[in-house]
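Enquirer: Take a look at what Swiss-Prot says about it:
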BINDING   S15, L16, S17, T62, N87, D102, Y221  shikimate binding site
ACT_SITE  K66  active site, proton acceptor
BINDING   G127, S128, G129, G130, A131, N151, R152, T153, V154, D155, K156, I219, G242  NADP(+) binding site
Amino acid sequence: MKQLYGVIGNPIGHSLSPVMHNDAFEHLNMDAHYHAFLVEEELLGEAVRGLKALGISGFNVTTPHKVAIMEYLDEIDPLARKIGAVNTVVHKDGRLIGYNTDGIGFVRALQSISNEPLQGKRILLLGSGGASRAIYFSLADVGVKEIDVANRTVDKAKELIAARTADVNSVALSLEKATEEQGNYDIIIQTTTIGMHPHVEHTPLQICSLKKGTIVSDIIYNPFETKILCEAKEQGAIIQNGIDMFVYQGALAFEMWTGRTPNIERMKQLVIEKLGG
């Protein structure tokens with residue numbers, strides 16, 4: 001019988017996940033289909049019960065359901081609970097188990113462009129929202145020891161740092177202070193929506209004094225190169241946009257559901273093509 005997978009969210013019509021996963025199923029000769037389901041917030045509980053009753057094998061969760069879905073699941077992975085959000089659900093032995101592949105997906109994406117282990121790196125995170133939280137805890141989970149957090153509201157950065165459980169040295173900074181200190185970091189990660197289309201002229205941090213070999217990663221992929229990435233490239237940095245994170249988190253979910261490893265490069269090229277790159 002054909003296996004059913006999907007993604008729930010609102011809006012959902014723009015999602016690239018069905019194209020990416022269905023191509024992977026076809027490429028691996030798997031009898032499976034991935035579908036996008038529009039789910040209103042007030043109907044989330046009913047939708048989850050319905051998907052479970054239909055025997056869905058697994059599904060992704062996107063805006064605005066990543067936090068609210070947690071109360072409807074049978075089990076939540078410890079890292080997802082720490083992050084406070086779920087983006088991947090596995091249906092196993094009649095139980096719905098929630099995971100968060102956003103942060104781990106980002107870490108894998110970052111490792112793919114880093115010539116050295118991340119563990120010894122000094123990292124600056126820009127922003128303290130849901131994406132930043134997922135990345136912060138996932139970096140800590142793989143043993144990164146120095147992660148500073150810069151935010152427009154410093155208290156929000158302090159809140160994120162205060163929630164840590166791993167042995168991580170972290171300082172909360174203003175964006176102004178981060179601008180001054182940018183040369184002290186090996187990796188800078190931009191996790192906010194600042195610079196996203198159509199506000200492409202905006203940036204949370206002016207890049208002006210990076211040290212040689214710095215990696216600057218932005219989780220935005222529209223545009224492909226945000227202002228912060230353009231400035232970093234001019235400074236000679238290694239840059240990475242959000243396509244890698246999107247692909248790696250999707251590939252990780254695929255592995256969790258199926259036990260199979262999809263072709264990452266094929267996934268990435270398909271997403272770039274669909275985005276008009």
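Indices start at 1 and increase along the chain as displayed.
Glycine is no exception: its Cβ is also placed from the backbone N, Cα and C atoms.
Quick caveat, the model's predicted, so the values are computed rather than measured.
Provide an account of the burial state, proximal residues and distances for the features listed.
Expert: For Y221 (shikimate binding site), other Cβ atoms within 10 Å of its Cβ number 22.
K66 (active site, proton acceptor) falls within neither a helix nor a strand when secondary structure is assigned with DSSP, and so counts as coil.
Listed in sequence order, A172, L173, S174 are the same-chain residues six or more apart from V154 (NADP(+) binding site) with CB atoms under 8 A from its CB.
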Enquirer: Taking every protein chain in this structure into account, which of the binding-site residues G129, G242 has the most other Cβ atoms within 10 Å of its Cβ?
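Expert: In terms of Cβ crowding, the pick is G242.
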Enquirer: Determine the C-alpha span of the NADP(+) site listed in the record, that is the greatest distance between any two of G127, S128, G129, G130, A131, N151, R152, T153, V154, D155, K156, I219, G242, in Å to the nearest whole number.
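Expert: Among the residues the record ties to NADP(+), max Cα distance equals 26 Å.
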Enquirer: By the count of other Cβ atoms within 10 Å, pick out the sparsest of the binding-site residues L16, A131.
Expert: L16
Enquirer: How long is the line from the C-alpha of A131 (NADP(+) binding site) to the C-alpha of Y221 (shikimate binding site), rounded to the nearest angstrom?
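Expert: Spelling it out, the Cα of A131 (NADP(+) binding site) and the Cα of Y221 (shikimate binding site) are 14 Å apart.
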